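*Asks:* Please read through the structure below; I'll follow up with questions.
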Amino acid sequence: MASTSAATPLKNKRKFENGKKKPKTLKDEFGEKLDIKPVIVPPKPADEYDYDSSDEEDLRNTIGNIPIKWYDDEDHIGYDKFGEKIAKPAKKGEIETFLEKMEDPDYWRKVFDKQTGTDVKLTDEQIEKIHNIATGKYPTIGYNPYEPFLDIFSSQKEIHPIDNRPEPKSRFIPSKDEMRMVSRMVHAIKMGWAKGPRAKKEEHKSYDLWASEDALDNVTKSQLSRMRVHMPAPKVALPTHAESYNPPEEYIFDDEERKKWEEAEKEDRVLNFMPSKYDALRKVPQYDKFITERFERCLDLYLAPRQRKMRIHADPTDLLPDLPNPNDLRPFPTTLAFYMRGHTGQVRAITVEPERGELLASGGEDGTVRIWMIATGRCIKTFQMDGEVTSVSFSPVADRTLLAVAYEGKYVAILNTGCGDRLHVQQTEALLAETPTDAQEDGAVVTWRKSKEKLMLKMPNEVRQVTWHSKGDYFASVAIDDIAKSVYVHQLSKAKSQCPFQKRKGHVQAVTFHPTQARLFVATKIHVREYDLARCVLVKKLITGCKHISTMATDANGENLFLGGLDRRFCWMDLQMGNKPWKKLKHHTAAVRSVAYHKKYPLLATVSDDGTAMVYYARIYTDFVKDNELYPVKRLRAHEKTPNDLCMLHTTWHPTQPWLITAGADGTIALFTY
């Protein structure tokens with residue numbers, strides 16, 4: 001038992017006697033009291049290394065609450081409590097910052113203190129406050145804005161009442177005190193002592209003579225509701241010269257007018273009175289129809305219904321579309337670079353080499369075809385034709401130096417320009433030599449024959465236009481005359497020609513091939529028809545809205561047609577949207593002679609006989625969500641009018657640069673650059 005009691009720890013029991021707490025007593029293992037006195041332990045001295053700070057790092061900046069940027073140009077950031085300057089700490093380089101970011105685990109919780117120029121490490125409490133502010137919570141840590149609510153009154157409906165005491169008898173017996181009070185009041189009324197409430201004196205309301213009629217200070221709700229739906233009566237017409245007491249002579253009726261006025265019905269009279277003339281105002285008698293007219297006006301105001309007309313007050317400038325800044329739509333041609341002179345007479349057609357755009361071919365009224373260097377503007381070669389040139393077109397194949405020329409005398413010539421890469425020139429010579437012009441059928445309408453460096457096609461009629469297919473083997477020609485067989489399609493590799501149309505559908509003005517498909521667009525005076533050459537069927541008939549089409553062009557994908565007319569109109573046909581124009585513009589004052597769309601840039605140009613070339617920013621979107629964009633950006637002038645009112649006859653774009661080239665009736669070719 002002794003060992004057991006020795007193993008038991010000392011117990012300290014609390015005993016209370018008479019509500020007082022006894023002091024603690026400790027006993028040993030034999031039950032004897034131990035006398036233990038409290039010992040005062042001195043506090044442990046603070047370790048100087050627990051607070052890791054030096055005198056230099058513990059400086060306090062005493063500049064106060066002023067912008068720290070005032071010290072940007074100084075070599076210090078302020079002053080300490082002794083008035084000494086606090087030097088700026090050395091700035092860390094990018095390498096030191098990167099190493100500290102990688103090696104210091106507490107880098108993310110350090111912020112830069114502008115007052116001391118050092119990084120301060122945030123505590124956990126500060127970080128938690130910042131997190132609460134960033135997440136939209138209360139900055140105070142542990143704050144709960146939604147404390148539990150203690151509902152004092154129970155929401156449960158009880159059957160039994162809380163207090164079930166019976167009602168006292170006094171509740172059912174009339175009160176004697178109230179009876180005595182009522183009897184006193186009755187006696188006072190009988191004796192005349194009790195007096196009722198005094199009547200309030202009505203205040204005198206003075207009428208404000210100068211108040212506005214529209215004032216709403218003392219208006220009732222019913223009056224206000226009537227005022228909202230009130231329609232003011234039309235005002236009486238102002239008097240005219242005929243109602244004057246001394247009107248001019250032309251207002252006085254003669255005998256014929258007087259008789260006509262008297263015989264006319266009252267409703268048919270222009271004036272409901274007969275003008276009179278007096279020498280002085282004092283001689284004017286009383287108006288005999290005054291009461292009648294006022295009565296009729298009262299009837300009109302009372303019986304005639306009124307109608308409220310809503311007028312839209314809109315600023316005309318708000319109805320105009322918002323146009324972008326032309327500087328944001330660059331590049332586009334703005335400046336005349338130089339002229340190319342050499343033709344005598346009109347320059348009717350021009351075309352540019354399709355690959356690099358180094359060469360330009362032009363055909364004129366003087367019967368010459370000239371090859372120009374675009375970079376220098378010099379003529380490097382000239383071909384003399386037997387008639388006036390009406391159309392020229394470079395072959396779209398890059399490795400061929402072929403040029404199709406239509407000129408008067410019912411001829412179409414395929415020339416080898418002999419300019420450019422020597423290998424391409426030799427390949428073109430071999431191609432022309434291999435063309436089977438001898439294997440022609442007897443009685444052919446179009447005859448092919450070779451003549452030195454060119455192929456000659458004898459046409460049945462004068463040719464207006466010649467154009468190539470994108471693959472370079474087929475080209476089409478259009479006759480000037482209004483006949484059924486005005487369009488011919490020629491195949492260069494087989495030296496054959498055929499007329500795809502046997503019936504006359506209208507006077508054909510221009511044709512062009514689809515860039516990617518075997519289709520042909522044929523433009524008459526007012527319509528454009530799209531034919532499928534593979535199936536020989538009509539695909540679509542377009543209603544252009546032009547009275548007389550003069551030119552036609554397509555974009556690189558063949559999904560849009562651009563038309564110009566002699567009626568000064570320019571039409572943009574979006575083939576995916578329907579058979580009607582998407583845009584119709586009339587920016588020219590004379591006939592539109594040519595339209596061209598750039599292959600690389602969203603640029604469109606039209607030239608006219610008014611001596612101007614309109615440059616448009618024409619953005620075509622393949623996405624059906626976005627609509628096409630068309631903005632006029634520049635109007636160019638370079639040519640002079642001739643006596644027959646002709647000016648700009650043709651235009652084309654450089655294939656790789658935003659340069660515009662125009663041909664004029666004054667015998668010059670103009671190049672516009674940006």
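In case you wondered, yes, glycine gets a Cβ from its N, Cα and C as well.
Annotated compositional bias 'Basic and acidic residues' per Swiss-Prot: 15-28, in sequence order. Residues or ranges marked as region 'Disordered' by Swiss-Prot: 1-28. Residues or ranges marked as repeat 'WD 1' by Swiss-Prot: 342-384. The feature repeat 'WD 2' is assigned by Swiss-Prot to 386-425. Residues or ranges marked as repeat 'WD 3' in Swiss-Prot: 427-458. What Swiss-Prot lists as repeat 'WD 4' is 459-500. The repeat 'WD 5' annotation in Swiss-Prot covers 503-541. Sequence annotations record features per position, and here Swiss-Prot assigns repeat 'WD 6' to 587-626. According to Swiss-Prot, the feature repeat 'WD 7' maps to 643-674.
Help me see these features in their spatial surroundings.
*Replies:* With a threshold of 8 Å between CB atoms, the same-chain residues lying at least 6 positions outside the repeat 'WD 1' (342-384) that come near it are 390-396, 398, 403, 405, 407, 415, 417-420, 642, 646, 649-657, 659, 661-665, 667-669, 671.
Mean pLDDT, taken over the repeat 'WD 2' (386-425), works out to 93 on the 0 to 100 scale.
Within its own chain, the repeat 'WD 3' (427-458) is flanked in space by residues 399-402, 410-416, 418, 477, 485, 488, 490, 492-497, 499, which lie at least six positions past its ends and keep a Cβ under 8 Å from the stretch.
Using DSSP to sort the residues of the repeat 'WD 7' (643-674) gives these counts of helix, strand and coil: 0 helix, 17 strand, 15 coil.
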*Asks:* Per DSSP, what is the helix/strand/coil residue tally across the repeat 'WD 4' (459-500)?
*Replies:* 0 helix, 20 strand, 22 coil
*Asks:* Can you work out which residues elsewhere in the same chain, 6+ from the ends of the repeat 'WD 7' (643-674), have a Cβ less than 8 Å from its Cβ atoms?
*Replies:* 330-341, 343-357, 360, 362, 364, 372, 374, 377, 590, 593-601, 603, 605-613, 615, 636
*Asks:* Reported in the order helix, strand, coil, what are the DSSP residue counts of the repeat 'WD 2' (386-425)?
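*Replies:* Tallied per class, the repeat 'WD 2' (386-425) gives 4 helix, 18 strand, 18 coil.
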